[in-house]
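As written in Swiss-Prot, here are the features:
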COILED    56-82  coiled coil
DOMAIN    7-39  domain 'LisH'
REGION    1-66  region 'Interaction with NDE1'
REGION    1-102  region 'Interaction with NDEL1'
REGION    83-410  region 'Interaction with dynein and dynactin'
REGION    367-409  region 'Interaction with DCX'
REGION    388-410  region 'Interaction with NDEL1'
REPEAT    106-147  repeat 'WD 1'
REPEAT    232-271  repeat 'WD 4'
REPEAT    274-333  repeat 'WD 5'
REPEAT    336-377  repeat 'WD 6'
REPEAT    378-410  repeat 'WD 7'
Amino acid sequence: MVLSQRQRDELNRAIADYLRSNGYEEAYSVFKKEAELDMNEELDKKYAGLLEKKWTSVIRLQKKVMELESKLNEAKEEFTSGGPLGQKRDPKEWIPRPPEKYALSGHRSPVTRVIFHPVFSVMVSASEDATIKVWDYETGDFERTLKGHTDSIQDIPFDHSGKLLASCSADMTIKLWDFQGFECIRTMHGHDHNVSSVAIMPNGDHIVSASRDKTIKMWEVQTGYCVKTFTGHREWVRMVRPNQDGTLIASCSNDQTVRVWVVATKECKAELREHEHVVECISWAPESSYSSISEATGSETKKSGKPGPFLLSGSRDKTIKMWDVSTGMCLMTLVGHDNWVRGVLFHSGGKFILSCADDKTLRVWDYKNKRCMKTLNAHEHFVTSLDFHKTAPYVVTGSVDQTVKVWECR
C-alpha cells in the first residue's frame, strides 16, 4: 500500500512523537534528522499520542469486523437453512429473532413476570414496583397500570378466557382482577410469607398458590376460601403449575426438588430430585409435543399406550431437565446457560424448548439433539421471565433492567 506524501509526513511525525515521549532520545534525533522533520510546539500537540490512538483503534475495528463477519455467517446459514430470507419455514419451527420488535419501559423496578393474554393482542407484566402493566404487543403501546399490592408482585396468570387475572405478592396476598373492568374483585389472605407463584386451574373454579411458607394452597375463585393445603416441601416453594386437565399440579422449591401432586387426594405422586441447587421454574409439556419427546428420548410407551406426562424444570445449577412424571425419570439435561435459569417452556410447535436466565440470554433448544440452537442476548441484566404466544408468532421477556421486550418469530 502506497502512502501519499501528506500521510507519510503525518506518520513520520507520529513516530517521532512516540519515540520522544517514550524516552528513545537517540533514536528520536536520528529519525528526525533522516526524515527531515521540522518539529515545533504547535505541531507536537497535534501528534501527541497519535500512534497509540491509531494502533488501538485498528484493534477495535478488527474486533468489530470479526463480530460483523460472524453475524454475516449466521445470516448466510439462516438463508441456506430456510430462514426468513430463504424458503419459508413451517410456522411450527419459527423461533424468536433479534433484534427485538419493542423494548418497553415504564416499570420502576425489576420486571418479575410477563404473560400474553389468551385472546386479545395484549400482554401483561408484573414488577417489584408493586404494579401490573398492560401493553399492546402489536403496536408497543402502553395501555394501563393495575395497582393494589403493597409489595413486589411475583406471578400473574390468566384464566383460559382471559377475563380473570390473578396476582400474588410479597405482601402475602393473592388478588383476583376482572380483566374487563380492570378492577380487583377479591383479595385472599392465608399464607404466612411471600407468595411466590399463583396459577388458575384449567376449569377456572380454583387457583393454586405457592409460598415461602413452604406450602401450596388451593383456593375457591367464587368465595376466596382456601380449600386445600399441600405440604411436603422443606423450603420456599418457588413455582406451582397445573397440568392441562387439572388433575395434577407440579411445584419446585429451594429444597432442590420438583414435586408432582394429585389434586384430588393431595398426595405427592412424584418427588424429582437431580438438581444441585434451587429449582426456579417448571413447565408442563403440551400434548402436541409428546410424540417428539418420545422419539427424542426413546421413552417407553406405557401399557395405557399414552406417553407422558412430561415436565421441564430450570434451576440455579444452570441446567434444564426434562422429566417423565409417570416413571420419575430424568430424560435429559440441557447444559449451556452460564447462570441461574429463571424461565423455561415448550415452543408451541412442540419441537423446541425456550429458556431465559441470569446470563442475560434467551435460548432456543433443539431437544431432539440436546443442543442450544440459538442464543439471543436479550437484556442488559438478568432475564427473569418469558412467555410464548399460543397462536401468534411472538415471544415476550422481562428483566431486572426494568424493561419488557417483544420478539418476533419467523
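Every residue gets a Cβ built from N, Cα and C, even glycine.
The repeat 'WD 1' (106-147) makes no contact with the repeat 'WD 5' (274-333), as judged by fewer than three Cβ pairs under 8 Å among residues 6 or more apart in sequence. Residue counts for the repeat 'WD 5' (274-333) by DSSP state, with H, G and I taken as helix and E and B as strand, are 11 helix, 23 strand, 26 coil. Tertiary neighbourhood of the repeat 'WD 4' (232-271): same-chain residues 155, 193-194, 196-199, 201-203, 208-212, 214-216, 218, 277-284, 286-287, 309, 311, 313, 315, 323, 325, 328, selected by CB-CB distance under 8 Å and a gap of 6+ residues from either end. Across the repeat 'WD 4' (232-271), the DSSP tally of helix, strand and coil residues reads 0 helix, 21 strand, 19 coil. Summed and averaged per residue, pLDDT over the region 'Interaction with DCX' (367-409) gives 96.
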